[in-house]
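Input: a single structure, listed below in structure tokens.
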Amino acid sequence: MENYSSLLIGGKQFSSRLMVGTGKYKSTQDMVASLSNSETEIITVAVRRIKNDQTGENLLEKINWEKYWMLPNTAGCVNSDEAVRIAILGRELAKLSGQEENNFVKLEVIPDKKYLLPDPIETLKAAEILIKKGFAVLPYINADPILAKRLEEIGCATVMPLGSPIGSGQGLLNLSNIRIIIENSKVPVIIDAGIGVPSEASQAMEIGADGVLINSAIAQAANPPLMAQAINYSVKAGRQAFLAGRIKKQDFAVASSPEKNISI
């Protein structure tokens, strides 16, 4: 049987299906402890934060880059030109951290400041450019099955449909479209944004997602390290449940005890 924790992205294998963000933590200590408890191997880093913020430089120093694979993201970019420029800077940051072969980028193009919804047209445009430049592109998108398939066809390493708006904690609001994306996709589907509690992370895995990316649910919890551990367990449980196969839903009851040959 397939190992529940085996995940292949861009030719690189990972033993965890949980990706974790590095923003919004109250302290560096909380972040480091949460990363450890999550057992993640892929962590997202906002390139603009590292480039412009002194605490960003501290972030590079505080994380053991021999243990974690950096996933630079283009958060804050509002068009494809900005996203391409920041992605290139992100690749250089990965090299500075010792990951010479790291060409991953989490592509975010978000002009909408209120709901932080991704721009599908600019995302597709940026993805095409970055793929030609040798990037393994992990695009953050709305739960749009047509866009997801188009991004797969041009060579994206994954597709990352949102569960609900970033940081909203509303869970998986568009399950029908997410299911279609999972059913049609030949690349890993990572649910990104909106997950608020472990049960929602488990639900994403139970319906067949290949992984989840979580930041706010951990970083803004009352006890981030404990929440990271809980979500870690839920992702593993959800994956195992998917592989095990759930019973069919029915409109009537089915007795679990035998109805024949019962001795009294």
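Yeah, the Cβs are placed from backbone N, Cα and C, and that goes for glycine too.
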Matching residue for the 1-deoxy-D-xylulose 5-phosphate site, where Swiss-Prot names A193, G194, N215, S216 - out of G167, G238, G245: G167
Rounded Cα separation (Å) that holds between G167 (1-deoxy-D-xylulose 5-phosphate binding site) and K106 (active site, schiff-base intermediate with DXP): 17
Integer Cα-Cα distance in angstrom, G194 (1-deoxy-D-xylulose 5-phosphate binding site) to K106 (active site, schiff-base intermediate with DXP): 17
Neighbouring C-beta atoms (10 Å sphere around the C-beta of S216 (1-deoxy-D-xylulose 5-phosphate binding site)): 18
